Amino acid sequence: MKHYLTVSDIESLPDWVDEAIALKKDPYQFEGLGKRKTICLLFFNNSLRTRLSTQKAAMQLGLDVMIMNFGNEGWALEYGDGTIMDQGTSEHIKEAAQVVSEYADIVAIRAFAGLVDKEKDESEEVITGFANYATIPVVNMESSVGHPLQALADAITLKENEIKIRPKVVLSWAPHPKALPHAVANSFVEMMRMQDADFVITHPKGYELNPRLTQGCQIEYDQNKALEGADFVYVKNWSSYSDYGKVLSKDTDWTITEKKLGHAKFMHCLPVRRNMIVEDAVLDGKQSLVVQQAKNRVFSAQIVLKKLLENI
Ligand SMILES: NCCC[C@H](NC(=O)CCC(=O)O)C(=O)O
Ligand SMILES: NC(=O)OP(=O)(O)O
């Protein structure tokens, strides 16, 4: 693996999940691997979990960590080829990526979708710009279209809570006041397609995800029907994909309640809007796995960084 950019960079999901669970029992096992090496974390957007869990994973591997809030503090970057830079952008991705490569051995980047221009978001200009011009491995800490560290942590969490070989896993849309990206849902779908499960996606009409990703997946527009007999309910809001970036519904009939959840475990990547996405009783109850998911972000990051370091 050269970079960790998408879920498809996972060479073997079951092996990586097992390795992560083993690492969790002995987190400092590979403490020497990152000695005298540096990871640089660049954030174009806010974060709690990704920032701290990736830093912690790096520290447990003995890496030095440099963090920069690029969105506020870096120069505005230009991505276009041959652009006459007489407008707002100050520095080209070509120099920026090469320069960061001189200071660090791995670079990790968070750059969300703008949700205005679908083509621009799907071109993944920030993360692919770094992957094209950096001379070091690049890690995706949530890009326009994917959040593969989250999906790997979710796979670990599913495995830790597995009670049957082929569980029923439901990905449900839920309402949110703002337009949110598709990245988390996309990567969850891609990850679920790598394992054996009765997987169902439910959302209101108009909220279909990128059909290239959901091809062959079961889609059920009736949320109650989708939730019947579920073992895991993974909840997430996303904005419309077809009517790109638009909020078409804030219908709180889609909010997850204790009653709807039944015996299933509740999952969400966080941060979560209480009593909008899910009612308090679920988050405060025993069936919620959200904190375990957040903990597993350390081990998903650590497995990825370990694989990259072994390759350097
Ligand atoms: N990394 C986890 C989710 C990040 C982002 N959520 C948000 O922006 C929520 C913000 C809010 O609730 O105001 C998303 O959906 O992709
Ligand atoms: N789940 C997740 O990526 O959280 P942050 O946005 O806080 O990093």
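Easy rule for this one: first residue shown is 1, then count along the chain.
Each residue, glycine too, has its Cβ placed from N, Cα and C.
Counted within 10 Å of its Cβ, the other Cβ atoms near His147 (carbamoyl phosphate binding site) come to 27, all protein chains included. DSSP classifies His147 (carbamoyl phosphate binding site) as coil under the three-state reduction. Positions annotated as carbamoyl phosphate binding site by TrEMBL: Ser47, Leu48, Arg49, Thr50, Trp75, Arg110, His147, Pro148, Leu149, Gln150, Cys269, Leu270, Arg297.
Under the heading N(2)-succinyl-L-ornithine binding site, TrEMBL lists Glu142, His176, Lys236, Arg273. Taking the Cβ of Arg273 (N(2)-succinyl-L-ornithine binding site) as reference, residues of its chain lying under 8 Å away and at least six apart in sequence are, in sequence order, His176, Pro177.
What TrEMBL lists as domain 'Aspartate/ornithine carbamoyltransferase carbamoyl-P binding' is 2-160.
What TrEMBL lists as domain 'Aspartate/ornithine carbamoyltransferase Asp/Orn-binding' is 184-305.
Counted over every protein chain shown, other Cβ atoms within 10 Å are most numerous around Arg297 among the binding-site residues Arg49, His176, Lys236, Arg297.
For the carbamoyl phosphate site listed in the record, the two most distant Cα atoms among Ser47, Leu48, Arg49, Thr50, Trp75, Arg110, His147, Pro148, Leu149, Gln150, Cys269, Leu270, Arg297 lie 30 Å apart.
Around the Cβ of Cys269 (carbamoyl phosphate binding site), 25 further Cβ atoms fall within 10 Å across all displayed protein chains. By the rule that a residue counts when its Cβ sits under 6 Å from some atom of ligand 2, the binding-site residues Ser47, Arg49, His176, Lys236, Cys269, Arg297 yield Ser47, Arg49, Cys269.
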